[in-house]
Structures are given as C-alpha cells and as structure tokens.
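Student: Below is one structure. I have some questions about it.
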Amino acid sequence: MNVVKPIKSVDDLMKAGLVAPADRVALEEVAARYAVALTPAISKLIDRADPDDPIARQFVPDAAELTIAPEERADPIGDHAHSPVEGIVHRYPDRVLLKAVHVCPVYCRFCFRREMVGPQGLGTLDAAAMQAAFDYIHSDEEIWEVILTGGDPLVLSSRRLGEIMEALAGITHVKIIRFHTRVPVVDPEKIDAALIAALKASGKTVYIALHANHVRELTPEARAACARLVDAGIAMVSQSVLLKGVNDDPDVLAKLMKAFVEIRVKPYYLHHPDLAPGTSHFRVTIEEGQEIVAALRGRISGLCQPAYILDIPGGHGKAVISGSAMRATGDGCYTVTDYRGGEHSYPPAD
Ligand code: SF4
C-alpha cells in the first residue's frame, strides 16, 4: 500500500510531486522564513494535474511569498498590543484569546499569524506561563468566553486538552470555550473519542470554529469528523478567508457555505485576507469582496450567509465590511469604524 507521509520540507514537496525542481532555490528561501507542513489528508486531496488547484494554492509554498507589499506587517491584527500576559490576547471586555500552542498540522500560505507559528514561531506555553494565563482569566470576572487559537489548539494531545479544560472548569464566570481549528479537515482521524471526551471535560458549552475555504476540503472523512463532534453536543461554526484563486467566486463560496450547513456547521465568518507579509497574491480588493458577498444574497439561504469581516490593522477588532462600518474614501482606501466608534484608515497609513 502506498503510505502518504506528512510533508514538512521542500524536499518532501518535491518527492510528493507538488513542486518543480526548478523552483527549489526560491522555495527554500520561502521555507526558511515561513513554516511548511501538509498532512497526508491534504496532500492526497491536491490535484497534481491542475496548475490552479485551490487546495495546493492554500498549502504549497510559492515564490510570490518573497514579495512583501508596503502595507503588510508582521502582526497584522495587532495581537501584541493587547497581550497582558504571555499567551493571552484581551481585545474585548467579555472574551480573551488563549494561544496555548503556536504549532499547526498544516501551514496556510496566507496565515495572519505566519510570523508567530511554526518551528521558528512562539512555541508552546510552558506550565508556568499556562498557570499565569489561567490566573489572568480567573482575575477578571467580565471574561465570559475563552477562545483557544494559536496555532491550532487541537494539535495538543487529548491529555493536555483535558488538563486545559479542567483548569477552565474551575473558573465560574467563564461560560463558553471556543476552539479555532483546521484539524477536523486536515487530520480528521484525530477527532476520536478521547479528544471529544477531553473537549467535554470542563462541563461548559464548547464551540468549534472550523476553518475551511473550499468545498473540496469537506471530504467524507472530514464530514464524519464534524458529525462526531456535533453528535457529542459540541456546536460548530465556520470561518473562511476570502482568497484570490481559491474561493473568490460566488458559485465556489455558495457551494462551501451550503456544504457547511449540510454538515451542521453554521457559517460564521468570512474574513477579508489580513495584511500578513508575502500574501498580496491572495488579496482581493474590498470592492471585489463586497461584490462577491452581495452576489451570495438571494442566491443561497439565510442560514448559509457568513458575516464578511475585516480585522482592523493595529488590534482595533473586527468590522463588518458589508455594513456601515466601511466608508470608501477613494482610490481603494476606506475609513473603518471600530466597535468603540474609533475611525481608522484602511489600508493603514503607517
Ligand atoms: S491553521 Fe490557522 S494559525 Fe495555522 S497556519 Fe493555518 S491560518 Fe495560520
């Protein structure tokens, strides 16, 4: 039997027939800067005969990543400005991000935290840092929701996840625990009974926000993994990124959103791509994004409509792009209003 192995280097990509030898030098340069990984499930899914394969585009490195646009920045959504203790991002009063791990099973080429994740990234919180993060959450009774993100929190072992959930179980003001993950899609076998038991160990309401960008990612195995989670009482929502060459087409997006609803994953966020370094080849303009999202209205059920949102650079939170928070000021520039009423230029001036 032909065993498909995880891919973690340019050599592995060449052996798997995913990149051409002529691209080796440029791709080594990309891989030295931004982590590379594809799981067997994703490697198998790529159509090697299609030069525009939307799965390959998301995960196989490209020399275009070496081009840094002037508006791009290492911390595009301003995590660092809102991090009171290591591993915590506290942007809104009622919720915090808990970034326990900066490792992912795959490394998305458009990742908004690409300078933080991977072997050269911020690593995993040690026991003392983890305790300090729990102490911080404990000390602020306004914190209603803890969002585990990273990195991908479901790369942690069931034992480690169970320990985190038990620690959060003791914090009475925390009612909701949310995970942002790609694991049900990129490593569906990881969603087993032990992992589900660990997720339920806190006794609190658990949500999983599943990151997928193209309907082909929702394979029968991925759908079965989601069914195991939902059947266990874990609520699921989706998050996708609007990406040039992957899903910047109303028909492609409609298929993805309908498939989410069919597998009991409620469409939640459609992110405008962030200003992460070396990702300009993925970015549609705001105007193009608005047209694509407008074309979804009426075409598919209200159940299938995600919120199209922008993470305002600098850490000012999210704004709904299709609403009144975005005001065009000409030449592709906008004034964006944050949830506190503050106004910001987009793209940012500095
Ligand atoms: S899984 Fe999420 S954090 Fe990890 S590389 Fe992809 S977008 Fe970035």
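Note: Cβ is positioned from N, Cα and C throughout, glycine not excepted.
So TrEMBL lists the following for this protein:
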{"type": "BINDING", "residues": "C104, C108, C111", "note": "[4Fe-4S] cluster binding site"}
{"type": "DOMAIN", "residues": "90-313", "note": "domain 'Radical SAM core'"}
{"type": "MOD_RES", "residues": "K318", "note": "N6-(pyridoxal phosphate)lysine"}
Student: Measuring Cα to Cα, how many angstrom lie between C108 ([4Fe-4S] cluster binding site) and K318 (N6-(pyridoxal phosphate)lysine)?
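Tutor: About 21 Å separates the two Cα atoms.
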Student: Beyond C104, C108, C111, what residues of that chain have CB atoms within 8 A of the centre of the [4Fe-4S] cluster site's CB atoms?
Tutor: A35, V106, Y107, R109, F110, R113, R114, V117, D152, R182
Student: Find, for the listed recorded positions C108, K318, the residue with the lowest Cβ contact count at a 10 Å cut-off, counting only other Cβ atoms.
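Tutor: Lowest Cβ count within 10 Å among the recorded positions (C108, K318) is K318.
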Student: Which one is it: of the binding-site residues C104, C111, which Cβ has the fewest other Cβ atoms within 10 Å in this structure?
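Tutor: It is C111 that, of the binding-site residues C104, C111, has the fewest other Cβ atoms within 10 Å.
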Student: Any of the recorded positions C104, C108, C111, K318 with a C-beta atom under 6 A from ligand 1? Give them in order, or none.
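Tutor: Result: C104, C108, C111.
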Student: Would you mind pulling the DSSP three-state label for C111 ([4Fe-4S] cluster binding site)?
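Tutor: The residue in question, C111 ([4Fe-4S] cluster binding site), is coil (DSSP, three-state).
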